[in-house]
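As recorded in Swiss-Prot:
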type     : residues           : note
BINDING  : 195, 200, 218, 279 : Mn(2+) 2 binding site
BINDING  : 200, 277, 279      : Mn(2+) 1 binding site
ACT_SITE : 207                : active site
ACT_SITE : 281                : active site
């Protein structure tokens, strides 16, 4: 076995021969990362990405200064979708090591699940993976129900059924109940709703190749909220939380939905489909109706919903939308505590009316007259949240996945958002 490369930390600048802005230096003992106090976690993550790029696949984090957050920053940059990597971790106290191990278990699960090819991860497989993960960490405190195919239509889940019926792989709704109280009548504290589109071709509003080639990741919202619930449980979550995953392929076939179709939802809303590539909101609507029926204190939905959010924020931040200023502030505080990037974008009452249809109450996409696509998408979802002005957060997961490597990240999934949502659930 290859001997591990030692990685140490220093608060002293690198020797001038390495350059004025050098973040690491190499000597006979290994590699030293030179912290400057400005953005130490980011520096460690960027250095780890460079170390991986050197082809070094076995490292030992050695010496003073390592804690769980710094170890985790290293792993975020070091991990990649190809090949294997081995890290020998430094000595940490029990609490720090447990936190690190939990992150490695859950957030790596999220990243690996999002990175999985669509051929391997269809709607049923995604739902079952979520069940397996939560059951593994929660045991008998979990019950669940999986509804699929024509049963969805018969039970009124018309958005999910409509989007998913064009694929040979049946659409699936996972309804999972984490109830640590043992009381079947216990109130539901929170509901998590995730978009689980396991491949998105755009349907008849078909995507170009450059926009379709990463669409195995369109289930990133479902993976994120699943990971968040699992991580919160491992952090001691003692309140009842329900998880709803809306899983489907969005494909073209003789049975696929078409432009001009009208979907009638269980809450009476009628939606005209004018863009089959705006399918995520159609499936989330079913999950939000179920979540609202639980009367929880809060509803959090997560979805790789719009390109508009990425246009605004790039892949560097998740976009947050809410009418509830206090709850939005709590999530942003959780994000700050967990060192995860969230940014609040506008959501106002007028966004709810910017989806006009000549044939139904709502259009599933805004017209050219209303170009704030991420905000109008959130406005659409609000029509399916019973008390949308309080206790509801919508996360447009623009930071979930990167098509190409950058300074801090390999190509693929990031796992960002899991810790923030878990923090909010356990606060």
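Glycine is no exception: its Cβ is also placed from the backbone N, Cα and C atoms.
Because the structure is a prediction, the values reported are computed rather than measured.
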- [ ] Mind telling me which of the recorded positions 195, 207, 281 has the densest Cβ neighbourhood, counting other Cβ atoms within 10 Å?
- [x] 195
TODO: Compute the centroid of the Cβ atoms of 195, 200, 218, 279, then list the same-chain residues not in that set whose Cβ lies within 8 Å of it, in sequence order, for the Mn(2+) 2 site.
DONE: 163, 197, 215, 219, 248, 250, 280, 283, 303, 304
- [ ] Please compare the binding-site residues 200, 277, 279 by how many other CB atoms fall within 10 Å of each one's CB, and tell me which has the fewest.
- [x] 277
Open item on the list: Excluding near sequence neighbours, so keeping only residues 6 or more apart in the same chain, what lies with its CB under 8 A of residue 218 (Mn(2+) 2 binding site)?
Closed with: 195, 197, 198, 199, 200, 250, 280, 304
- [ ] List which of the recorded positions 277, 279, 281 have their Cα within 10 Å of the Cα of residue 207 (active site), in sequence order.
- [x] 277
- [ ] Around the recorded Mn(2+) 1 site, report the further residues of that chain (criterion: Cβ within 8 Å of the mean position of the Cβ atoms of 200, 277, 279; site residues excluded), sequence-ordered.
- [x] 163, 197, 201, 202, 203, 205, 207, 218, 250, 276, 278, 280
- [ ] Could you check what DSSP calls residue 200 (Mn(2+) 2 binding site) once collapsed to helix, strand or coil?
- [x] strand
